[in-house]
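Novice: For reference, the structure I am asking about is given below.
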């Protein structure tokens with residue numbers, strides 16, 4: 001600092017300025033004047049300022065929704081007001097603490113028996129002990145109907161129950177386990193227990209009547225097999241050459257023995273013949289195999305009849321042996337025999353020529369459809385779809401059941417052999433279609449869809465590729481047999497009304513038309529390729545149950561209905 005003070009410039013006129021400047025620089029180093037000191041006016045306190053308990057809030061705040069507290073809270077902490085603004089719209093009742101809709105229920109320790117006892121007493125008699133009062137006092141305060149309580153002397157339901165003589169019965173006792181024969185243990189009977197009760201005279205009469213009724217209704221009486229009869233309606237069973245009516249005629253201008261279908265088919269337009277003879281409706285009709293020169297009809301009058309298709313078109317033979325309506329029939333490959341099934345629960349094998357009933361088969365259930373196995377080496381086997389959800393296979397030679405196909409969930413309605421007779425298709429009331437390998441009782445394909453309806457009539461096309469199914473939602477659905485049974489969504493034939501009836505559809509031999517009857521007795525013809533409806537006309541007065549296109553004719557169609565007639569159209 002001295003060096004700074006002694007340092008000066010050569011110029012004399014700046015000496016005075018430097019002196020003033022130096023004083024300003026060293027002003028803070030000079031001692032303070034006692035008169036101007038702050039300490040003379042302010043007194044300093046070294047002790048810190050201390051707040052008392054009353055000045056500070058030391059309560060720990062508890063969340064009102066907390067379920068568990070890890071320390072011992074004080075009364076002030078538990079009942080302190082909740083933090084935050086109050087809801088101005090809540091009523092006093094809503095602001096009050098609640099643990100249920102109606103308010104705050106404190107847990108009360110009361111035995112289940114006492115609670116139920118008081119509740120039942122109040123329900124039965126209208127009074128009970130007041131639960132809001134601590135009932136330590138000698139006289140309990142009652143709520144409810146005081147007059148009733150006076151009548152019952154304030155007793156509860158439990159106290160008012162009357163003791164019955166059987167309530168405290170004594171048991172026979174023998175707890176000695178070493179007594180092997182006489183040991184009773186906890187299973188001893190009551191002393192006065194009656195183990196055998198005999199009805200008095202009046203009760204005996206009533207019971208006898210009930211048992212007599214039951215035995216009548218419940219007993220499955222062995223039905224007597226009705227006697228089979230047959231009637232030949234033509235004059236001579238054989239012609240001059242010794243040929244029976246099974247031999248196809250050769251003078252009809254068409255080769256009935258050919259395997260080739262007609263080249264082009266045409267629409268049937270007019271009625272050419274009507275066969276009458278059934279007294280009730282006709283369920284179905286079948287062509288004679290290969291030639292189609294005869295028609296077999298299944299009548300609801302429990303008779304089967306065979307009719308000529310050519311020449312005089314006479315009724316040839318009647319087969320009567322069923323007790324109830326005939327449901328279905330099926331020829332074997334040669335046509336010498338046929339099977340019929342009826343609502344009398346019997347399947348019968350008939351000789352076509354002589355009318356003799358060769359065998360009877362029954363499973364005690366109604367058969368709905370019946371089919372011979374078309375394979376030449378399996379002509380002794382046939383299958384029948386029954387009302388108890390089974391498809392049963394019988395052997396004609398032994399008359400025994402050889403296989404049961406039991407997978408459907410409803411009555412089996414229709415059967416059809418496909419894929420060179422290696423498989424067969426069945427439809428059922430369970431709205432499904434199942435495809436089975438012959439001889440294997442597990443279906444290898446199951447077709448069901450929520451949109452599908454029951455399909456009680458099915459028909460295989462002449463070329464064996466397509467399966468037409470009459471669906472209960474007034475459609476004919478088509479399935480491709482060769483391509484994994486694919487459902488052809490675009491091939492739908494509609495326009496007819498069949499809901500509730502199993503109307504059998506059919507194809508024309510050249511696969512150009514699809515035909516079907518309907519519930520109003522009309523006959524419908526659609527184009528196979530375009531699925532367009534070509535024509536429809538009134539064929540029967542009641543349901544037209546089956547229509548069949550002749551396998552060798554270009555435009556001849558047979559139809560039958562519930563009006564009991566069979567008609568032939570051309």
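Backbone N, Cα and C define each Cβ position, glycine as well.
Pulled these features from TrEMBL for this protein:
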- 1-24: region 'Disordered' (REGION)
- 15-24: compositional bias 'Basic and acidic residues' (COMPBIAS)
- 145-182: region 'Disordered' (REGION)
- 147-176: compositional bias 'Basic and acidic residues' (COMPBIAS)
- 275-317: repeat 'WD' (REPEAT)
- 319-360: repeat 'WD' (REPEAT)
- 370-404: repeat 'WD' (REPEAT)
- 405-437: repeat 'WD' (REPEAT)
- 507-536: repeat 'WD' (REPEAT)
- 537-570: repeat 'WD' (REPEAT)
Novice: Taking a Cβ cut-off under 8 Å, which residues six or more beyond the ends of the repeat 'WD' (319-360) line up next to it in the same chain?
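Specialist: Sequence-remote neighbours of the repeat 'WD' (319-360) are 223, 225-232, 237, 244-246, 280, 283-284, 286, 288-290, 294, 296, 298-306, 366-372, 374, 376, 379, 382, 384, 394, 396, 399.
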Novice: May I ask for the residues of the chain that lie six or more residues beyond the repeat 'WD' (275-317) and have a Cβ under 8 Å from a Cβ within it?
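Specialist: Distant contacts of the repeat 'WD' (275-317): 230-234, 245-246, 248-249, 252, 256-257, 323-335, 338, 340, 342, 344, 350, 352, 355, 504, 542-543, 545-546, 548, 550-552, 558, 560-568.
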Novice: Going along the chain, which residues at least six beyond the ends of the repeat 'WD' (370-404) come within the CB cut-off of under 8 Å?
Specialist: 328-333, 339-341, 347, 349, 358-359, 361, 363, 410-417, 421, 424, 426, 428, 430, 436, 438-439, 441
Novice: For the repeat 'WD' (319-360), jot down how many residues DSSP puts in helix, in strand and in coil.
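Specialist: Looking at the repeat 'WD' (319-360) with DSSP, the answer is 0 helix, 24 strand, 18 coil.
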Novice: Tell me the residue counts in helix, strand and coil for the repeat 'WD' (405-437), as DSSP assigns them.
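Specialist: For the repeat 'WD' (405-437), the helix, strand and coil counts are 0 helix, 20 strand, 13 coil.
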Novice: On the 0 to 100 scale, where does the mean pLDDT of the repeat 'WD' (507-536) fall?
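Specialist: Mean model confidence (pLDDT) across the repeat 'WD' (507-536) is 95.
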Novice: Using DSSP, tally how many residues of the compositional bias 'Basic and acidic residues' (147-176) sit in helix, strand and coil.
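Specialist: Residue counts in helix, strand and coil order: 9 helix, 1 strand, 20 coil.
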